[in-house]
Amino acid sequence: CTVIFTRLATRDLHKPISILFCNLAVSDLFTSFSGFWISMLFITNPDITIFGSEDMLAPYALYTTSILSTIYNLVSIGIERYLAVAESMRTRFRVARNHSIAVVFINWVLAFFLGCLPLMGWNCLHAERSISVLYSPFCVNYLIFIAIPNVAVAFIVPLFTYLRIIIILRKRKLRMQACGQATGTYKSAETQVARTSISIWLLALVSYAPFFAGVIFDATNQRCHIDLYPGVYIFRNCTAMLITITCLGNPVLYTLKLRTLGAKLKALRCLSANRVRTI
(Lines of atoms letter the chains of each structure in order from A and count residues from 1; the text may use other names and numbers.)
(Lines give C-alpha, C1' and ligand atoms only; values in the text may rest on other atoms or scores of the structure.)
Protein backbone atom coordinates (compact mmCIF):
# COMPACT_ATOMS: atom_id res chain seq x y z
CA CYS A 1 0.00 0.00 0.00
CA THR A 2 2.92 2.34 0.73
CA VAL A 3 4.37 1.70 -2.72
CA ILE A 4 0.99 2.27 -4.41
CA PHE A 5 0.38 5.51 -2.49
CA THR A 6 3.87 6.83 -3.21
CA ARG A 7 3.73 6.00 -6.91
CA LEU A 8 0.32 7.59 -7.40
CA ALA A 9 0.93 10.69 -5.27
CA THR A 10 4.37 11.64 -6.62
CA ARG A 11 4.19 13.21 -10.07
CA ASP A 12 7.81 12.63 -11.01
CA LEU A 13 7.19 8.89 -10.69
CA HIS A 14 4.47 8.84 -13.37
CA LYS A 15 6.60 6.96 -15.88
CA PRO A 16 5.97 3.76 -17.89
CA ILE A 17 8.09 1.64 -15.54
CA SER A 18 6.41 3.27 -12.53
CA ILE A 19 3.02 2.09 -13.78
CA LEU A 20 4.33 -1.47 -13.89
CA PHE A 21 5.81 -1.10 -10.39
CA CYS A 22 2.49 0.16 -9.05
CA ASN A 23 0.58 -2.65 -10.74
CA LEU A 24 3.01 -5.18 -9.28
CA ALA A 25 2.21 -3.79 -5.83
CA VAL A 26 -1.52 -4.16 -6.59
CA SER A 27 -0.95 -7.81 -7.57
CA ASP A 28 0.98 -8.42 -4.35
CA LEU A 29 -1.84 -6.78 -2.39
CA PHE A 30 -4.37 -9.13 -3.99
CA THR A 31 -2.13 -12.10 -3.21
CA SER A 32 -1.95 -11.11 0.45
CA PHE A 33 -5.70 -10.47 0.62
CA SER A 34 -6.62 -13.82 -0.94
CA GLY A 35 -4.11 -15.61 1.30
CA PHE A 36 -5.70 -13.96 4.33
CA TRP A 37 -9.14 -15.07 3.07
CA ILE A 38 -7.95 -18.68 2.81
CA SER A 39 -6.41 -18.47 6.30
CA MET A 40 -9.70 -17.26 7.78
CA LEU A 41 -11.54 -20.15 6.12
CA PHE A 42 -8.99 -22.53 7.65
CA ILE A 43 -9.55 -21.02 11.10
CA THR A 44 -13.35 -21.22 10.88
CA ASN A 45 -13.57 -24.61 9.13
CA PRO A 46 -10.24 -26.45 8.67
CA ASP A 47 -11.79 -29.47 6.92
CA ILE A 48 -12.81 -27.56 3.78
CA THR A 49 -9.21 -26.48 3.15
CA ILE A 50 -8.12 -30.13 3.32
CA PHE A 51 -10.95 -32.08 1.71
CA GLY A 52 -12.21 -29.30 -0.53
CA SER A 53 -15.50 -27.48 -0.80
CA GLU A 54 -17.35 -25.19 -3.16
CA ASP A 55 -16.56 -22.37 -0.70
CA MET A 56 -12.85 -22.73 -1.57
CA LEU A 57 -13.29 -22.09 -5.30
CA ALA A 58 -13.57 -18.29 -5.07
CA PRO A 59 -10.59 -17.67 -2.71
CA TYR A 60 -8.39 -20.15 -4.60
CA ALA A 61 -9.40 -18.54 -7.92
CA LEU A 62 -8.48 -15.08 -6.58
CA TYR A 63 -5.22 -16.48 -5.20
CA THR A 64 -4.35 -18.02 -8.58
CA THR A 65 -5.31 -14.83 -10.41
CA SER A 66 -3.10 -12.65 -8.21
CA ILE A 67 -0.11 -15.01 -8.53
CA LEU A 68 -0.48 -15.09 -12.33
CA SER A 69 -0.75 -11.31 -12.42
CA THR A 70 2.44 -11.04 -10.34
CA ILE A 71 4.29 -13.37 -12.73
CA TYR A 72 3.12 -11.44 -15.80
CA ASN A 73 4.12 -8.15 -14.15
CA LEU A 74 7.61 -9.45 -13.35
CA VAL A 75 8.01 -10.54 -16.97
CA SER A 76 6.69 -7.19 -18.23
CA ILE A 77 9.13 -5.26 -16.03
CA GLY A 78 12.04 -7.34 -17.33
CA ILE A 79 11.01 -6.70 -20.96
CA GLU A 80 10.52 -2.97 -20.32
CA ARG A 81 13.97 -2.68 -18.75
CA TYR A 82 15.50 -4.51 -21.70
CA LEU A 83 13.78 -2.21 -24.22
CA ALA A 84 14.87 0.84 -22.22
CA VAL A 85 18.52 -0.26 -22.23
CA ALA A 86 18.50 -1.45 -25.85
CA GLU A 87 16.68 1.65 -27.11
CA SER A 88 19.80 3.50 -28.25
CA MET A 89 21.42 0.35 -29.59
CA ARG A 90 19.26 -1.42 -32.14
CA THR A 91 15.68 -0.23 -31.95
CA ARG A 92 13.82 3.04 -32.19
CA PHE A 93 10.89 1.69 -30.20
CA ARG A 94 10.28 3.66 -27.05
CA VAL A 95 8.03 2.38 -24.28
CA ALA A 96 5.39 5.04 -23.60
CA ARG A 97 2.89 5.39 -20.79
CA ASN A 98 0.06 4.12 -23.01
CA HIS A 99 2.06 0.96 -23.73
CA SER A 100 2.43 0.25 -20.01
CA ILE A 101 -1.29 0.82 -19.41
CA ALA A 102 -2.13 -1.57 -22.25
CA VAL A 103 0.27 -4.18 -20.85
CA VAL A 104 -1.30 -3.86 -17.39
CA PHE A 105 -4.78 -4.32 -18.86
CA ILE A 106 -3.74 -7.39 -20.90
CA ASN A 107 -1.96 -8.92 -17.89
CA TRP A 108 -5.05 -8.64 -15.69
CA VAL A 109 -7.43 -9.91 -18.39
CA LEU A 110 -5.24 -12.96 -19.00
CA ALA A 111 -4.73 -13.56 -15.26
CA PHE A 112 -8.47 -13.30 -14.51
CA PHE A 113 -9.39 -15.59 -17.39
CA LEU A 114 -6.91 -18.33 -16.46
CA GLY A 115 -7.41 -17.93 -12.70
CA CYS A 116 -11.21 -18.05 -12.88
CA LEU A 117 -11.46 -21.15 -15.09
CA PRO A 118 -12.41 -23.28 -12.02
CA LEU A 119 -15.33 -20.91 -11.38
CA MET A 120 -16.42 -21.44 -15.00
CA GLY A 121 -16.63 -25.20 -14.53
CA TRP A 122 -13.09 -26.58 -14.65
CA ASN A 123 -13.18 -28.00 -11.13
CA CYS A 124 -13.41 -31.41 -9.49
CA LEU A 125 -16.40 -30.99 -7.20
CA HIS A 126 -18.01 -33.97 -8.93
CA ALA A 127 -14.91 -35.74 -10.26
CA GLU A 128 -12.99 -37.43 -7.46
CA ARG A 129 -10.46 -39.19 -9.67
CA SER A 130 -8.50 -36.16 -10.83
CA ILE A 131 -9.01 -34.00 -7.75
CA SER A 132 -5.99 -32.20 -6.31
CA VAL A 133 -4.83 -33.30 -2.87
CA LEU A 134 -3.26 -29.98 -1.92
CA TYR A 135 -5.75 -27.61 -3.51
CA SER A 136 -9.13 -29.35 -3.51
CA PRO A 137 -11.51 -28.93 -5.33
CA PHE A 138 -9.12 -27.87 -8.12
CA CYS A 139 -8.35 -30.53 -10.71
CA VAL A 140 -4.80 -31.81 -11.15
CA ASN A 141 -4.91 -31.25 -14.92
CA TYR A 142 -5.91 -27.61 -14.35
CA LEU A 143 -2.98 -27.06 -11.98
CA ILE A 144 -0.59 -28.61 -14.49
CA PHE A 145 -2.07 -26.44 -17.26
CA ILE A 146 -1.53 -23.33 -15.14
CA ALA A 147 1.77 -24.14 -13.41
CA ILE A 148 4.08 -25.56 -16.09
CA PRO A 149 3.84 -22.86 -18.80
CA ASN A 150 3.68 -19.94 -16.37
CA VAL A 151 6.61 -21.14 -14.26
CA ALA A 152 8.59 -21.61 -17.48
CA VAL A 153 7.72 -18.05 -18.55
CA ALA A 154 8.60 -16.69 -15.10
CA PHE A 155 12.12 -18.14 -15.32
CA ILE A 156 13.04 -18.15 -19.03
CA VAL A 157 11.92 -14.65 -20.06
CA PRO A 158 13.61 -12.79 -17.16
CA LEU A 159 16.72 -14.90 -17.73
CA PHE A 160 16.90 -13.72 -21.34
CA THR A 161 16.06 -10.07 -20.66
CA TYR A 162 18.41 -9.49 -17.72
CA LEU A 163 21.28 -11.37 -19.34
CA ARG A 164 20.82 -9.27 -22.47
CA ILE A 165 20.85 -6.08 -20.35
CA ILE A 166 24.12 -7.10 -18.70
CA ILE A 167 25.65 -7.99 -22.08
CA ILE A 168 24.61 -4.64 -23.60
CA LEU A 169 26.05 -2.69 -20.66
CA ARG A 170 29.29 -4.65 -20.85
CA LYS A 171 29.61 -4.00 -24.59
CA ARG A 172 29.07 -0.28 -24.02
CA LYS A 173 31.71 -0.29 -21.29
CA LEU A 174 34.25 -2.03 -23.55
CA ARG A 175 33.46 0.39 -26.37
CA MET A 176 34.05 3.38 -24.10
CA GLN A 177 37.29 1.86 -22.84
CA ALA A 178 38.48 1.48 -26.42
CA CYS A 179 37.76 5.19 -26.96
CA GLY A 180 39.65 6.11 -23.80
CA GLN A 181 36.56 7.41 -21.99
CA ALA A 182 35.56 6.91 -18.35
CA THR A 183 33.46 3.81 -17.72
CA GLY A 184 32.57 4.25 -14.06
CA THR A 185 28.88 4.85 -14.78
CA TYR A 186 28.46 1.75 -16.91
CA LYS A 187 30.44 -0.37 -14.48
CA SER A 188 28.20 0.79 -11.65
CA ALA A 189 25.06 0.16 -13.72
CA GLU A 190 26.27 -3.29 -14.74
CA THR A 191 26.97 -4.22 -11.11
CA GLN A 192 23.59 -2.93 -9.94
CA VAL A 193 21.67 -4.78 -12.66
CA ALA A 194 23.60 -7.99 -11.97
CA ARG A 195 22.87 -7.81 -8.24
CA THR A 196 19.20 -7.02 -8.84
CA SER A 197 18.89 -9.87 -11.35
CA ILE A 198 20.43 -12.36 -8.92
CA SER A 199 18.05 -11.17 -6.18
CA ILE A 200 15.06 -11.52 -8.52
CA TRP A 201 16.07 -15.04 -9.49
CA LEU A 202 16.68 -16.16 -5.92
CA LEU A 203 13.37 -14.70 -4.73
CA ALA A 204 11.44 -16.29 -7.59
CA LEU A 205 13.23 -19.62 -7.14
CA VAL A 206 12.60 -19.76 -3.39
CA SER A 207 8.97 -18.67 -3.80
CA TYR A 208 7.62 -20.57 -6.80
CA ALA A 209 9.78 -23.69 -7.00
CA PRO A 210 8.13 -25.31 -3.93
CA PHE A 211 4.68 -24.54 -5.38
CA PHE A 212 5.71 -26.15 -8.67
CA ALA A 213 7.04 -29.17 -6.74
CA GLY A 214 3.67 -29.42 -4.98
CA VAL A 215 1.86 -29.51 -8.33
CA ILE A 216 4.18 -32.28 -9.55
CA PHE A 217 3.50 -34.17 -6.30
CA ASP A 218 -0.23 -33.74 -6.89
CA ALA A 219 0.06 -35.17 -10.38
CA THR A 220 2.02 -38.25 -9.26
CA ASN A 221 0.28 -38.91 -5.95
CA GLN A 222 -2.51 -41.49 -5.69
CA ARG A 223 -3.14 -41.51 -1.95
CA CYS A 224 -6.10 -40.05 -0.05
CA HIS A 225 -6.17 -36.74 1.80
CA ILE A 226 -6.25 -38.30 5.25
CA ASP A 227 -3.18 -40.46 4.52
CA LEU A 228 -1.08 -37.38 3.82
CA TYR A 229 -2.19 -35.35 6.83
CA PRO A 230 -0.51 -33.37 8.38
CA GLY A 231 2.92 -33.34 6.70
CA VAL A 232 1.86 -32.50 3.14
CA TYR A 233 -0.45 -29.73 4.31
CA ILE A 234 2.32 -28.20 6.41
CA PHE A 235 4.37 -28.12 3.19
CA ARG A 236 1.44 -26.45 1.40
CA ASN A 237 1.23 -23.79 4.11
CA CYS A 238 4.98 -23.18 3.85
CA THR A 239 4.69 -22.59 0.09
CA ALA A 240 1.92 -20.06 0.77
CA MET A 241 4.18 -18.29 3.29
CA LEU A 242 7.01 -18.15 0.74
CA ILE A 243 4.71 -16.58 -1.84
CA THR A 244 3.69 -14.01 0.76
CA ILE A 245 7.35 -13.26 1.41
CA THR A 246 7.65 -12.57 -2.33
CA CYS A 247 4.92 -9.96 -1.94
CA LEU A 248 7.06 -8.28 0.72
CA GLY A 249 10.29 -8.63 -1.25
CA ASN A 250 9.03 -7.27 -4.58
CA PRO A 251 8.63 -3.66 -3.35
CA VAL A 252 12.14 -3.76 -1.91
CA LEU A 253 13.64 -5.05 -5.15
CA TYR A 254 11.70 -2.98 -7.65
CA THR A 255 11.17 0.25 -5.78
CA LEU A 256 14.82 -0.07 -4.70
CA LYS A 257 16.66 2.22 -2.32
CA LEU A 258 14.48 2.41 0.76
CA ARG A 259 16.08 5.78 1.55
CA THR A 260 14.67 7.19 -1.69
CA LEU A 261 11.24 5.83 -0.86
CA GLY A 262 11.50 7.27 2.64
CA ALA A 263 12.55 10.65 1.23
CA LYS A 264 9.52 10.67 -1.07
CA LEU A 265 7.19 9.87 1.83
CA LYS A 266 8.84 12.54 3.97
CA ALA A 267 8.39 15.11 1.20
CA LEU A 268 4.73 14.16 0.85
CA ARG A 269 4.24 14.48 4.61
CA CYS A 270 5.88 17.91 4.67
CA LEU A 271 3.75 19.00 1.70
CA SER A 272 0.59 17.91 3.50
CA ALA A 273 1.67 19.76 6.65
CA ASN A 274 2.32 22.94 4.67
CA ARG A 275 -1.10 22.74 3.07
CA VAL A 276 -2.75 22.34 6.46
CA ARG A 277 -0.89 25.37 7.78
CA THR A 278 -1.90 27.41 4.73
CA ILE A 279 -5.55 26.46 5.19
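Placement of Cβ uses the backbone N, Cα and C atoms for every residue, glycine included.
Values in this document were obtained by computation on a predicted structure and should not be read as measured data.
Taken straight from TrEMBL:
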{"type": "DOMAIN", "residues": "1-254", "note": "domain 'G-protein coupled receptors family 1 profile'"}
{"type": "TRANSMEM", "residues": "17-40", "note": "transmembrane segment"}
{"type": "TRANSMEM", "residues": "60-79", "note": "transmembrane segment"}
{"type": "TRANSMEM", "residues": "100-122", "note": "transmembrane segment"}
{"type": "TRANSMEM", "residues": "142-167", "note": "transmembrane segment"}
{"type": "TRANSMEM", "residues": "198-217", "note": "transmembrane segment"}
{"type": "TRANSMEM", "residues": "233-256", "note": "transmembrane segment"}
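Here the transmembrane segment (233-256) sits against the transmembrane segment (17-40); at least 3 CB pairs are under 8 Å, leaving out pairs fewer than 6 apart in sequence. Predicted-model confidence for the domain 'G-protein coupled receptors family 1 profile' (1-254) is 78, expressed as mean pLDDT. Packing against the transmembrane segment (60-79) from elsewhere in the chain are residues 17, 20-21, 23-24, 27-28, 30-31, 33-35, 37-38, 103-104, 107-108, 110-112, 114-116, 118-119, 135, 138, 146, 150, 153-154, 157-158, 161-162, 200, 204, 208, 243, 246-247, 250, 254: each is 6 or more residues past its ends and has a CB under 8 Å from a CB in it.
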